[in-house]
Amino acid sequence: MATSAVQSAACPPNTFTCADGSCIPSDWKGDGEKDCEDGSDEEAVTGETTTKFDEVVSAPTTPGSDEDCDWGMQQRIDNCSEPIVHFLSQIERLNLKNMSFLTSSEIQSRFEAGCNLMTTYQECVGNQKGCMPDEGVHSWGEVEVFMCQLVLPSVKEHAGCFKSSADPRCDASKTSSSSTLCGLVTSIQTATSCLETIRPETCSSDAIEMLSPIREETEHIVSAIRCVTPEQHASSTTLIVDETTESTSASAEDDDDDVLTTNTSEESTATTAHDEEVENKPALNINMADAVNSLYYIYDICSANYSADPFAAIADKICAKQDEIAKWSNCYQKTLEKEKCAIRNATSKCEALISYNNNLDCAIVTMNDECEVDAQNLVVELQEEVNDLIIAGKCFEDKKEEEKEPVNDGDFHLQSTLPKCTEEQENGALGCLVELVEINKKLTAFANLNFLLEIASPNSTVVEGICSLFARYEQCLSATVFKNSQRCSFASPLNSLARIGLAPICSLDSRPLLSKHRDCFEKLATEADEDTNCQSSLSTLSNTVQMMLQGVHGEALLCKSFYTIRDTFTCGERAVKNKCEADALTDLLSLKTKMTSLGEEEGCPRDPPANLDEIISRPVARPTPVTMPPRAPTAKPLPIPSAPTPPVASSKCSIEDQKKFEECVKPLTSFQPHPLSVIAIPRDIDQACEAFHTFKACSAESNCHPLWARGMSAMFEYACNEANEQFKKVRKCIRETSMIEEVRSCVSDFSRGAPTAACMSSNRLHSCAIPQIQGKCGQDAADWVSNYIIRFANAIDVRCKVGRQLPVGRVVGIGCSAEEESIIEHCAAPLNDIGSRVEELFAGGMQSLIKNINSLAPVFAGACNLTDEFKTCAHFLLEGRTSCVVSSCMVEAGRGICQLSDPAKAIDDNLSCLFGQAQEPKFAQCIRSTISTLKQFNLSTLRAVLPKFIDCTRDIVVAKCGESPIKIMKAMSTPDICPIRPHQAPIVPINQPARVTPTLETVLSSSTMVSTSSESDSESAPEQETEPTVPSTTETTESPSTPTDGCGESGLVEYLQCETHLDQFAFRPISIIGDASKWDQFCQMANQTYIPCVEGLKCKYEPAASAQIGLIDSICNRKITLKDQKQHGMCLSEYTKSDAGVACISDFGKIDQLDSSSPAQMCDGINQVMRCSTSEIEKRCGFDAVLHVFSIHMHWANLFNASCILESPEPTKDSTSIDVNEVEPSRDQKPVVVTKDETTPVSITTAMNNDITESETTQSPPVQSSVSFHIILAALIPFFALF
């Protein structure tokens, strides 16, 4: 048998070198056939030891344990592995589904490039022991000799024969999907088997002889690299043969057969070998209940015998994708370090599937932050396959809770015969309880009515009202909880009580059943005595429900209510037995039996426990916090309410439109708009309104409609039209009030808010200024200003709620989407019910409040129990991943109190002590001057005066009661929104930013000086403070100093020495650094070396020093920006090294960033770079990369020059943008696409970043504006200025 030789200076290991220098597999030597052309492989060779090919490919890959591996050697191995890993990554990109290795010369040439990689690798690592090579290296080591020394030479020599593998009679679909290498090897195995069978004319006898060795070696390779073969009959290969085809095989002599089956000669042997192979595998020692851990140790699992493990079905799924899963090991490692998900072991297949799925669902939350999009998508695909297994196995239908021994902890526990509800069902049921909010009031009516008579009366309004509410509740459960009509046992006893107490009497057949005996029941009602007054005990149900809402012994109270209702039936049973017909007693017993069966089904014992009353009377202890970490909201949202989509500013605004808009708005801004008094001089309101109408007509056809202009227009629309006359009555007082220092501070805070944060900024302004205006100017003025602010906020975001629009006592969302509002409404339903009852406690005047103060404690205690459920349900929103702010002053009032063992007692003690000081003369005087002045006494009006009341009584209360009552009342009385923070989150005042970058006054003043002052004037401005400061109330402006002339030569040398740290990374525009693979090293160097070096300089070159630090900080220390930079970095880096990229950035390198003209030069230079490179970057890297580059360069340009404008990039018509931040479906969230406000003044947008507390939970980098108007900024200063 002849083989074409592959010439080389030295043959690879495990091969035999023929005398003529050609290479053949080592096990061909001495096999009785001359495979070398000179026959040297069959000549006796003394002193030479060879190794069989099958021994090579099956050699162990782990010669030692991890403990024997030196760290330095492992690093060396990893470095030596890089060429092979890179080669395999290129192979993974090949499309082997539509192209065959045996017929495609392109694919063959790709594999030839890797033929010497193992030799190079072995020379690189030398004689290492105990270290684990990369799994890809192991796989290629098994495949290389087979491919390069056997398959490739044979395919080239007999190309015509192997191309016949494309024959339609050969089934090419039977390949492994484990990995590209597995798919390749199994496709060769299938093709050679087929060619051996059909023996096409294009195959010579030499070619036919080559097929069998190749096929046999593929079997070894498939086993060695742990390929998962497709499910097919192991004993035969089926081929579809054309009737006209002549076969040279002896088995094809029968022309009548359409199907030719070639039986494997060693069927039983192969089966036995497979079983032995499975049995010989080591036992599975990886805990697959930890989903991410199983992905990290994928090869260990797939090489183990997991057939008897409950997780075997999952192991089959992940092992089918083992190489693809293994590529993202870094992702799994990072996730394991941070995720804290509950791990539940399993004893059955269904338990394993559900446990794995739940654990993976929890881990995905962390993976979204730590892993690449491709890794996330892979996990989502895997989760979908597990879901398919759950559905196919009917795990949800067959799932039954294992019988548990009763917990002997002294408490009362239900023993329901129903399966436990899932977390999603529990959350859905909590939402349905909203339908029963009014049921408690209706139940109290039974105390004055005859229970049986009302049920038997078809026209009973009480029963009809109760059953109407219950019908809506049941309809909600059917639609959102019991979709498969399978009931479950609720953890919330209120749901169970509703079913026990209401289902029997509200069923369609119950009332007609008793209505037949109404005459008898009516007679019983008129003759009722103490023994037959059965409904009297039902009066306690209202109080029982009240206690259950507070979370007090819910399970025990449920059964107590069940026994009360049953006793009522028993009482009626005795009366009916004595005075009614036998049919009436039978029908009543039928109804009682139905109710009893429901109670026992929900878990109540048939006989009441002897200590039931004692359990209910016990003090309530604060439950231990749940150890299971919060998960993304799994509650099914209620139907999304119809809400108008908030306006989005148009991004298409040409230079001509910008100039036209400047001219239109200039006359209006000359009146100096003000957020409270409309304009700086309110008496000129008529002239200002004329200018506003002119502005409207002028800008009607303009494409430039920035958000701030919309808000300003809404304010003027209100002040100049419908509320003009009212404004003229209160304008003087509003103007005077706006001069007060506290109000001026409010306006300053508002000025730092961007239009995109209008809702939050407007709420702060409203809560801060309205009380002052109300006190100084009266309610009419306060109402006018409140409407004025609301118009501004709603013009920018129609969903925004400000001031009185915020419902009292409810959990609300600020700046939330319709989907987020739906989640809040759903998760907060029980809390909102309690909040509505808090409002009732504050009605009726001060005496009523003091009387009801005892009822406030249990209400708050109930809220404490429900707060944790709410935070778990809405955890995703509370993490700060979106701009949605969840607010509840009631929840914040309970912060700290709810952590005590007895929250009700703590609140009761503190508030009772506070109002117990009413006998103190000074305390009484404080009440008369604040609370007693209220005409309408409710929680909303009380909040307006409580701050003054607290300040007045503080000394007395602290001396007698301590600080706690003050803290509770402050939280309840705050006029601001009360953001709910997740568990253990630090408390940061929402209206006090933790870090302030250059203030609005600085930015505005710099723009003003550009248009109104000389350059020399601006240079004389005082140096800007570097610490966070309260905006000055004077007209003095600030600008950063630029000591470019006073540093001297030594200062320049020190600065340039710091810059050398950047030079080693080839610092440049567009890609920022030359090698995109070194971002981690660059950021480490910048934070540890470069930034401290520059900040330590005695003399800094500004603005170059600050701009350089600001640019690096905005990338390296913002996780999302750094992630995007790494995502696009390789492509951007390659572009900057291309001829086109070099041409675009060459002129930028000529800019002297230390020169006094650098701000203007940098602005022009960055603009030129962006104009030159945008289209090419879009072609190479996509429009997402363009937007990323634009964002960081806009920030860089503004750090040099606050008034710099970059031309906004526009996508080409045929561009396609790939969303690299796609979130998996299980998260229920899609990425928020932020449309940049192209005409927003840069000062406002920069101010937005100042106003928001920067923390680790920030999920998106600050949005930089792309357009700024110098003249508009100069004219708008009075709009935000302090008076």
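Residue positions begin at 1 at the first shown residue.
Note that Cβ sites are derived from N, Cα and C of the backbone, with glycine treated the same way.
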Among Cys11, Cys36, Cys69, cysteine joined to Cys18 by disulfide in Swiss-Prot: Cys36
Selected residue, Swiss-Prot feature N-linked glycosylation site, from candidates Asn79, Asn938: Asn79
Cysteine of Cys11, Cys69 paired with Cys23 via disulfide, per Swiss-Prot: Cys11
DSSP-assigned states of the compositional bias 'Acidic residues' (34-45) in counts, ordered helix, strand, coil: 3 helix, 0 strand, 9 coil
Cα-Cα distance linking Cys18 (disulfide bond) and Asn79 (N-linked glycosylation site), given in Å to the nearest integer: 34
Assigned element (helix, strand, coil) containing Cys11 (disulfide bond), judged by DSSP: coil
Length of the line joining the Cα atoms of Cys11 (disulfide bond) and Cys36 (disulfide bond), in Å: 14
DSSP three-state assignment (helix, strand or coil) for Cys23 (disulfide bond): strand
Other CB atoms, at most 10 A from the CB of Asn79 (N-linked glycosylation site): 11
Across the domain 'LDL-receptor class A' (10-46), average pLDDT on the 0 to 100 scale: 74
Coarse DSSP state, helix versus strand versus coil, of Asn79 (N-linked glycosylation site): helix
Inter-residue Cα distance where the pair is Cys36 (disulfide bond) and Cys23 (disulfide bond), in Å: 8
